[in-house]
C-alpha cells in the first residue's frame, strides 16, 4: 500500500529537474549594461570599442566587461549610476548614428541559455524607470474624420455636377444645402452609395433643401480605434529611438496609452520624443539632372538633394505631390502581377486628385517617398543642456509609376516583405492620428527599484520561514515533507515565470507571498485528515491512504474557486492587478501539484510498503 508506480516517480523527478534548470538563471547576477548598435551608416567595430573605452576611462566610469557581435557592443557596469552616466556621455561622443539601449545582462552560462533558460524580466517598480499615462483626444480624431468626409463629399458632388452649397460642419453633422428638391434627392442617392458609413437625413428648411450626415456609431468606433492603434504604433516607433530595451506601450481603456520604459531616467527626453512631429512627402525624382553635379554644389533651381536610408544621394523635384497628412490608410502585401512585396496606400480626395494629375503626366518615371521628422535634440554644451529643433529628412522608398492612379495605389520596387511592412508602418505612423496629452508621469529611480527587490525578497523569505517553522513544529516529519514541497513550489513558480518570460512586479511578488501561505493549506487538510483516521483506530498505512483520498475533493474545490478569481482579475484588471493574477494563477496550479503529488511521492518513499507502528505527525 502507498506506493507510486515507477513512471509517476520518474515524472516527479523529471519535473523537479526541469523546474530547477529554468529557475536557476534567476540566481545569477544581472549587470546594468549598455547595448550599443550602429545604424545603416555606422558599424560597431574595434575602433568604435576603443573610442568607447577611451571616453569612459576619461570620465572615470569603470567597465566590468564588454562583448561584441552582430554590429553591437554590450558594455557591462558595476552599478546603475555608472550605466546612466555612460549613456549620457556616449550620446555626445558617438553622435546620432549610434543607439545606446539601457538593459540588464546576465551571467547565465551558455549551456543554460542554449536550453532557453533565461531570467524573468523585472518590472518598472523593481528595476526603476519612467511611467507615462497618455490621453488621446478622441474628439479631435472624430473632427478630423468629419473634415475628411466633408472634403470627399464636396469632390463627389462636383464630379457628378450636382450644384449645391459647400458642405459645412455644424456640431457633429455635415450639412449640405440645395435650392432644388430634385437635385437634393439625386445628391442624397450619390452620397448614400459612396459613403455607407454615414447616417443621412433629408429635410426642408424655409426654401432650402438640406442633407445632413453624421458618422454612424460603428464608424465612430472604427475612427477611435484607428486613432488609438495608430498613435500606439507611432509612439512605439518613437520610443524605440530612445534606446530602451523591453519598453511597454499598451492600450489602457478606450482612449489612453501607457508607456513604461524600464531603466530610463530622463523624462524630459521622453517628452521630446512623444511630442515630436513627423510627416511624409511624395516627390518625383529629377532624372534630367546629374546627382554628381548636385553633389558638387550645382543643384538645379527646381530640385533638392536628399539621401536614402543607406546613405545614397538622390535628386528630387522640389514640388510636393502629396504629404502624409493626406494619407488615410496604408497596408503591406504582395503585388498580384509580379508577386513582389508592395504597400497599398489610400489618400483623401484632395490628395487623390493631385496624385492622379501628376501620375498621368509621369508614367514610367520614378517617384520617391520622403520621411520628414522634426524633433527637439538636447545636448550638453559647456555643462549646460542646450535644446534645438532638428529636422531629419530621408528617402525611404523609390519606385516607378507604372500607370496613373489616384485615391488608392501601390508602391512597389521594395526589397523584401519586411521592408514593405516597415514602410506601411512608417506611412501609418509618420504622424499622430490624434493629439495626445500626458496626464500622468512618474519616475522610479534605480535605488528605489533595488529597495523594492530587497523588500520583496525579504517578504518571501520571512513568509516562507515562518510557515516552514510552523509546519515542522506542528506536523514533525510530515511537516518536513510539506516544507520540501513548499520549496519546490517556489522553484516551480519562478521556473514557469521564467519560461514564459513574464515580467515580475511588486504585485507579482505579493502573489507569490500569498501563494506560499496558501500552498500549505492542502497539506494541512491532508495531515489533519490522517490524524483523524489514526484517531478512529485506522492503521498508519490506511490513514495515509485515506487522508490523501478523502481530502482531495475539498482541496480541488477550494483551489478551483481561487483559480476563477485569478482569471477574473486577469481579464478585467490593469497592469499591476494582472501581474498579481498571473503569479496567483501559476502558484495555485504548482501548489496543487506539489502538495498532492509531490508530498505523496515523498511520503510513499518514507513509509510506503513498510510495516509502520506509528506516524510522526
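Cβ coordinates come from backbone N, Cα and C, glycine included.
Keep in mind it's a predicted model, so treat the numbers as computed, not measured.
According to TrEMBL, the domain 'SecD export protein N-terminal TM' annotation covers 1-102. Model confidence over the domain 'SecD export protein N-terminal TM' (1-102) stands at 85, taken as the mean pLDDT rounded to a whole number.
According to TrEMBL, the feature domain 'Protein translocase subunit SecDF P1' maps to 228-286.
Per TrEMBL, domain 'SecDF P1 head subdomain' is recorded for 305-434.
The feature domain 'Protein export membrane protein SecD/SecF C-terminal' is assigned by TrEMBL to 436-603.
Within the same chain, residues 126, 483, 486-487, 490, 506, 509, 512-513, 516-517, 520, 523, 527, 606, 615-617 sit at least 6 positions outside the transmembrane segment (456-477) and bring their C-beta atoms closer than 8 Å to a C-beta of that stretch. The feature transmembrane segment is assigned by TrEMBL to 456-477 (among others).
Annotated transmembrane segment per TrEMBL: 484-502 (among others), in sequence order.
Sequence-distant contacts of the transmembrane segment (508-530) (same chain, six or more residues past either end, CB-CB distance under 8 Å): 123, 456-457, 459-460, 463-464, 467, 471, 475, 478, 481-482, 485-486, 489-490, 493, 497, 502, 543-544, 546-548, 550-551, 554-555, 558-559, 562, 579-584, 587-588, 591-592, 594-596, 599, 615, 617. Under the heading transmembrane segment, TrEMBL lists 508-530 (among others).
Same-chain residues lying 6+ beyond the ends of the transmembrane segment (551-572) with a Cβ under 8 Å from its Cβ atoms: 518, 521-522, 525-526, 529, 578, 580-582, 584-585, 588-589, 591-592, 595-596. Per TrEMBL, transmembrane segment is recorded for 551-572 (among others).
Residues or ranges marked as transmembrane segment in TrEMBL: 584-607 (among others).
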Chain residues outside the transmembrane segment (484-502) and at least six past its termini with a C-beta under 8 angstroms from it: 15-16, 18-23, 25-26, 116-121, 460, 464, 467-468, 471, 508, 512, 515-516, 519-520, 523, 582-583, 586-587, 590-591, 593-595, 598-599, 602
The domain 'SecD export protein N-terminal TM' (1-102) - residue tally per DSSP class, helix then strand then coil: 50 helix, 24 strand, 28 coil
